[in-house]
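Student: The transmembrane segment feature in TrEMBL is assigned to 69-90, 102-123, 147-167, 188-211, 231-255, 276-299, 311-331. Annotated domain 'G-protein coupled receptors family 1 profile' per TrEMBL: 81-328, in sequence order.
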Amino acid sequence: FHENSHYYDFFEEHGEENVGFGQELKNPQMEDVHYDYPVCGVDEDIICTPEPDEFNPCEDIMGYKFLRIVVWFVNLLAILGNIFVLFILLTSHYKLTVPRFLMCNLAFADFCMGLYLLLIASVDLHTRSEYYNHAIEWQTGPGCNTAGFFTVFASELSVYTLTVITLERWHAITFAMRPDRKIRLRHALVIMLGGWLLCFLLALLPLVGVSSYSKVSICLPMDTEKPVAEAYVVFVLVCNIIAFVIICACYIKIYMTVRNPQYKSGDKDTKIAKRMAVLIFTDFLCMAPISFHALSAIMSKPLITVTNSKILLVLFYPLNSCANPFLYAIFTKAFRRDVFILLSKFGICKHRAQVYRGQTVSS
């Protein structure tokens, strides 16, 4: 303080002995409270770092008040829906088939996405209206790294598993009359083990210096200052685009196959087409925000503002995590069979369970 020029200017006018500098001055209305009154220069320049920019606006994590409410419904739906699917599939007394095994992987990936949203929503609630006081601690601390790891691992594993499920369905229909070409459970285990290792590696790289999860408050790897970090983001973007193209191509081939007069689909082809359209649409809505963020990071300028992108993050990015349990499991006849048979063990819905036991339900 004594090095500050304002110190000398002030005391030349007032005299140091009359100021009480360094003494404890009592507030007459609050006898037990003591204050130290320092002398500050009024024209001192105050520098705040880091300054708000396009990637870090001065706002709460969620940005919009309605998102703070919606994010809780979305993350609870994703967590509870996928826990329910995992519980039913793992407790079923039926043999673990390839489709059921892939469903378990998909449900676990979407469950991890729910955990990411839960973590983001919890921090947003804790730092409500004063996130700027916690921004550096959150974004550079273990919490944001954990959230970032969950979201990259979950989203990439979900996309990978959706691609494998689609390829498996295409293969099963195309080679329906060739039992020797059937995909076995051991094949699916090897394929998914490779997917887990790849997704784990992609989620781990930003933690070891390739890109970073601390660029934005929602902990996505958008740091592309180094060439290797930019290559990482480009690789993730290209992988998601390739996966979406494969999914679309396979579903088109499946639809063309079931439209074939030799394939006895009856009047179900329209229903199948609508179902596939829903699957592709939800996949697209899920992958679009990932692509937006990746392109934004590559161009070093958001294609849309981070504030607006949080709407995509809450409403569209986790859409698959909420929709997949219903589209791939809960709405299927095989899953309903497993639910009723499980309930029958507790003395509930015995008649419905008996009906399902007498039916052969296609996977």
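Backbone N, Cα and C define each Cβ position, glycine as well.
Curation plays no part in TrEMBL annotations; they are all automatic predictions.
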Student: At least three Cβ pairs under 8 Å linking the transmembrane segment (311-331) and the transmembrane segment (102-123), pairs spaced 6 or more in sequence?
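Tutor: When sequence-distant Cβ pairs are counted, the transmembrane segment (102-123) touches the transmembrane segment (311-331), since at least 3 lie under 8 Å.
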Student: Between 0 and 100, where does the mean pLDDT of the domain 'G-protein coupled receptors family 1 profile' (81-328) sit?
Tutor: 81
